[in-house]
C-alpha cells in the first residue's frame, strides 16, 4: 500500500455573480452587502458541512469577509466567492448550495456569471474522495451542476517538465462576465529548518490563535505585506493558515510542514495587478524566502505579459523548468511556470 500523509495541494473554486441586468450599474448587485448578507454564518456552516470543513477564525472590512477554515480559506465579497480547501475535502460539493443560496434571495436578485476551478497535482491522489478522484470526474461534476447560461466552458491540464506539478483549470462563463485575475503559488520540498517553525512545541498547549500569531512573527510572514490585517491560525501539532486583508485585496498562505510531503501555498487576488508590478515582484521574493522551497509553481491568471515575465525573473536562485500558456473563458490568459532550486547540502 502506498504511503500517505496530509494533502497540502488545495482545490480552489471561484464563483462570480451579477444582477439580471449586468450592464445597468457599475457594482452589479442590488445591495451594498450582496452575498455578504445572503451568506450569514448559519448558511456558511451548511455549505462547509457539505465540503467537510469548519470555520476556525474570521476577519472582515468594508469590502469583504475572510474566513480561515480548518482546511484553508473562504472569502466572501458582495458579488464574488472564493473557497479553497486542502486535505480530502469535497470542495465541489459547495457549488450547488452556494448557487442556490445566492440566487434564491428575494432581496438581492443575483445570477451566476462565471466559475473558475483550479488545482495542482495531488501528492496523494489515491486518497481523494469523489468527485475529486480525477480531473475528468471533477469536470463532469461541475458541468452537471452549472446552469446552461454559462455556456462558454473550457477544461485543460497545463503540463510541466516536473511530473509532480501540473495545473488543472476549468472555467465557465456567460458572454458578459468579466475576466478573473489572480496569482497562485505552490511550493514543495520546503527548507527543513524553516518548516520546523510551523510545528507547535510539545506540551505548550497554546490555542490556535496564539500559535498562529507566533508563527506569523517568527517566520517573517508579517513582513510580506506589512500594511495588511492578518488573521492567522496555528494547528496542533503542526500546520498554519493565514488570511491577509488590505482594503479590497486579499492574500492567503497555507502550510503543511511535515517532512517528506511539505507544502506551502500563497495566493493574492483582486486589484494587485492594477498597481505597480514591482510590489508584486517583491511580495513573491519574500514568500519564497520565508519557505525556502525546492520546487515552485507560479500561475498567473488574467495578467499581462509584463506581470508574468517579471514574476518569473523574481525567482532568485531558482531555475525555470517549464512554461505553459493557454486561453480560458472568464480568465483570459493563464500562464503556468515551474522552478527548482539549486542543489542543497
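Yeah, the Cβs are placed from backbone N, Cα and C, and that goes for glycine too.
Where the annotation comes from TrEMBL, it is an automatic prediction and has not been curated.
Given the structure is predicted, the values throughout are model-derived calculations rather than measurements.
Listed features, source TrEMBL:
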ACT_SITE  72  active site, schiff-base intermediate with substrate
ACT_SITE  86  active site, proton donor
ACT_SITE  241  active site, proton acceptor
ACT_SITE  254  active site, proton acceptor
BINDING   6, 71, 235, 258  substrate binding site
MOD_RES   72  pyruvic acid (Ser)
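When the Cα of residue 241 (active site, proton acceptor) is compared against those of the recorded positions 6, 235, 254, 258, the shortest separation belongs to 254.
When each of the binding-site residues 71, 258 is scored by how many other Cβ atoms sit within 10 Å of its Cβ, 258 comes out lowest. Here the binding-site residues are 6, 235; the one with the fewest Cβ atoms within 10 Å of its Cβ is 6. Taking the C-alpha positions, the distance from residue 258 (substrate binding site) to residue 72 (active site, schiff-base intermediate with substrate) comes to 16 Å.
Non-local contacts of residue 86 (active site, proton donor) by the CB criterion (under 8 A, 6+ apart in sequence, same chain) comprise 6, 7, 8, 9, 10, 11, 71, 72, 254, 256. Residue density at residue 254 (active site, proton acceptor): 25 other Cβ atoms are found within 10 A of its Cβ, drawing on all protein chains shown.
Excluding 6, 71, 235, 258, which define the substrate site, the same chain contributes 8, 86, 87, 238, 239, 256 within 8 Å (Cβ to the Cβ centroid), listed in sequence order.
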